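These notes are about the structure you will find just below.
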Amino acid sequence: MNKFATVLVLVSICLAGVSAQCPRIVTRAQWGARAASTAQLPIRPAPWVVMHHTAGASCTTDAACAQQMRNIQSFHMDGNGWADIGYNFLVGENGAAYEGRGWGRQGAHAPGYNDRSVGMGVIGTFTNAIPNAAARTAARNLITCGVSLGHIASNYWLIGHRQAVATACPGNAFFNEIRTWPRFNPNV
């Protein structure tokens with residue numbers, strides 16, 4: 001085998017390993033995001049992951065989740081006056097991750113952590129019930145994906161939004177769930 005073919009095989013193996021860890025990611029263009037301009041994340045890779053819920057309707061289909069993303073973006077931009085949707089990524093109960101601001105962009109999701117974190121959440125309200133298995137798996141895989149791609153520090157800390165600011169987010173049930181996930185930090 002020539003050198004080019006060997007390199008091609010090695011790159012394919014590496015990319016297969018990364019894609020196996022990443023959930024299906026629906027891009028901004030695919031869900032119909034409005035144009036926005038946001039600042040780059042000043043501290044990279046991000047040492048924190050802040051988990052949220054959107055405290056609205058959940059979604060289980062691609063079409064419903066894309067609509068929820070557009071609704072949330074409109075609320076954040078038009079209602080809150082933000083430059084874009086506040087989160088870096090959201091996950092639907094269809095098991096897909098939806099690109100919000102994306103990797104390497106500063107979010108508007110957790111005061112005191114926006115310049116040093118990736119803001120992730122699950123679309124829906126999770127006060128009394130946890131997100132379904134597809135959403136939980138996608139969220140955990142998205143964190144692993146971010147570490148693999150170098151966007152999240154390998155020694156990151158995971159917290160719930162309520163640990164950054166007085167809020168019920170990410171809901172009592174979901175907060176109790178993420179407390180069992182790797183790298184959860186109870187002492188913020």
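These residue numbers are counts, starting from 1, taken along the chain as shown.
In case you wondered, yes, glycine gets a Cβ from its N, Cα and C as well.
Here CYS22 is paired by TrEMBL through a disulfide bond, and of CYS65, CYS145 its partner is CYS145. Partner cysteine of CYS59, as given in TrEMBL, is CYS65 (from among CYS14, CYS65, disulfide bond). The two recorded residues CYS145 (disulfide bond) and CYS65 (disulfide bond) have their Cα atoms spaced 21 Å from each other.
Within the domain 'Peptidoglycan recognition protein family' (23-165), the DSSP-based counts of helix, strand and coil residues read 41 helix, 33 strand, 69 coil. Distance noted between the C-alpha atoms of CYS65 (disulfide bond) and CYS22 (disulfide bond) is 18 Å.
By the criterion of other Cβ atoms within 10 Å of the residue's own Cβ, the least surrounded of the disulfide-bonded residues CYS22, CYS59, CYS65 is CYS22.
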